[in-house]
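Novice: Structure incoming, see below.
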Amino acid sequence: MNLKIVNYGAGNIKSIQFAFQRLGYNAQLSNNADEIINAEKVIFPGVGEASSAMKMLKETGLDLLIPKLSQPVLGICLGMQLMCNYTEEGDTKGLGIFKTNVKRFSNGVKVPQMGWNTVENLKSDLFKNINEKDYMYLIHSYYAENCEEAIATSDYEIEYASALENGNFYGVQFHPEKSGTTGEQLLKNFLEL
Amino acid sequence: MLTKRIVPCLDIKDGRTVKGVNFVDLRDAGDPVVLAKQYADLGADELVFLDISATQEKRKTMHDMVLKVAEQVNIPFTVGGGISSVEDVDDLLHCGADKVSINSSAVKRPVLINELSEKFGSQCVVVAVDAKKIGGEWFVHLAGGTIPTEIKLFEWAKEIEERGAGEILFTSMNHDGTKAGFANEALAKLSELVNIPIIASGGAGTIQHFADTFKKGKADAALAASVFHFGEIAIIDLKKELKRQGISVRL
């Protein structure tokens, strides 16, 4: 399978590559528009700060390319947040793929949320063979507000969208590449979409 | 609901696990990758690798190890030991580490915390603090707890948070190695003082010690080495008992 990981300088993408390797797939890093357009599946990762990540996307023109892709695209963590309308982090306008906004957790809870939390209200084929209240690994200070496009929610002070879907676009707040066998199942599901 | 984390810690020297590992059914308990995979399968929530080697080749052997762990292990892991610059961290993250832990280098040059969190994000910056209670007051110690400083634990913890760290790994030198329980009073105070997660370390001996550090010490995660390495506590038994006591864990 022609599987590309969008490489725009954000975060630990080695782990995602290794996770696909454990499943028997070779995911290649790319920032080349033609390569990404021609891939069967695209992973859009991201770790770090939103406004600087968006700046890097713009420098490479990927901010215009990604919303036009027609194959299944999976945004992970900050990647998912950048696919939303807007994020409070660095007062950043997102790609507008998911019609929701990203906000910071209040100081009523420890920030960042760090560790394993349950995913609930699962809706999509992306969660095939994954059960309600299975655990995923999360590490984030900002969350996507719950909305109609939510295909999973998690609870941390409030119920928020921990996964989103709009057409061929998918986004997960958690790190499937670090979420044990449950995360591997999700990656497998994505490859089978 | 977010669960409390159980974190086995592996000491690494020259790319090998150091002493104190006694898993009967492992073909090579000195291989950190084999051990890490085993712990992931047994239900560990996260792993910490602490490099205690002092050789010149240290950096390269650590990179090789991190690459192999990232390749084969499907849970998050933190790497610590001798990390003192942005370049060090860049290299380790590129090899696949999820978080790095800094200790003495942060005390010597606190702005390192700012530099790392600005460049890589708070989520991957753990600041480890070794402290000892002397005459009713907690003081930060360096170099694995051997060198005392004048720095007060709670003031330092506040500064660590303000400079942008994502987590504090607190080891009580008074409790480390005693197997008499964690420093729950200091841990609870830390947890109230700062708003970032706290990992409790030092003193694990029994299952109840873990329960106590989550309830009384308000810790977000608990780290231990020998009780896991020697099979004194099985992670699955530990988690079952924590759950029975009403503590949220991943089972």
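Counting begins at 1 with the first residue displayed.
Cβ coordinates are placed from backbone N, Cα and C, and glycine is handled just like the others.
Remember, TrEMBL labels are computer predictions, not curated facts.
Not my notes, these are from TrEMBL:
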- A:5-191: domain 'Glutamine amidotransferase' (DOMAIN)
- A:Cys77: active site, nucleophile (ACT_SITE)
- A:His175: active site (ACT_SITE)
- A:Glu177: active site (ACT_SITE)
Novice: Counting every protein chain present, what is the number of Cβ atoms, excluding its own, within 10 Å of the Cβ of A:Cys77 (active site, nucleophile)?
Specialist: 27
Novice: Could you round the CA separation between A:Cys77 (active site, nucleophile) and A:His175 (active site) to a whole angstrom and send it over?
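Specialist: Rounded to the nearest whole number, the Cα-Cα distance is 7 Å.
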Novice: According to DSSP, which of helix, strand or coil covers the residue listed as 'active site, nucleophile'?
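Specialist: The residue listed as 'active site, nucleophile' sits in coil per DSSP, no helix or strand.
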Novice: Quick one: among the active-site residues A:His175, A:Glu177, which has the most Cβ atoms sitting within 10 Å of its own Cβ?
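Specialist: Most Cβ neighbours within 10 Å: A:Glu177.
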